[in-house]
Amino acid sequence: MKSVQFCFLFCCWRAICCRSCELTNITITVEKEECSFCISINTTWCAGYCYTRDLVYKDPARPNIQKACTFKELVYETVKVPGCARHADSLYTYPVATECHCGKCDRDSTDCTVRGLGPSYCSFSDIRE
């Protein structure tokens, strides 16, 4: 009985104290080819840990889906990138996460790689806040 109580208390402690998948503030760098520099924007995205496991014995009949902390709902915001050529479209639309969950990474809308370019990558040498 004590081991059941301990397991229950441990799970409660872990749920409260350990960071799970949640919204977090990040800064991303935005650039457009027609403009001569990048700007940094503050937004929200999902970060944290999701329970997952990798089976030792792989079963081809049962796919092994690793869960990742990803967005459940998004809204889009638009900023004007300064310094663009007169004929160029200076508006940049970016996603803002409003709700997160642990789920399969959607490769159509998310960079699911282990090592992407990162949110602060800029092709130009000039970055403005």
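Even glycines carry a Cβ here, placed using N, Cα and C.
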Partner cysteine of Cys102 (disulphide bond, per Swiss-Prot) from Cys50, Cys84, Cys122: Cys50
Among Cys112, Cys122, cysteine joined to Cys105 by disulfide in Swiss-Prot: Cys112
Among Cys100, Cys122, cysteine joined to Cys46 by disulfide in Swiss-Prot: Cys100
Cysteine paired with Cys21, where Swiss-Prot records a disulfide bond, from Cys69, Cys84, Cys122: Cys69
Asn25, Cys35, Cys69 filtered to the recorded positions whose C-alpha is within 10 Å of Cys46 (disulfide bond): Asn25, Cys69
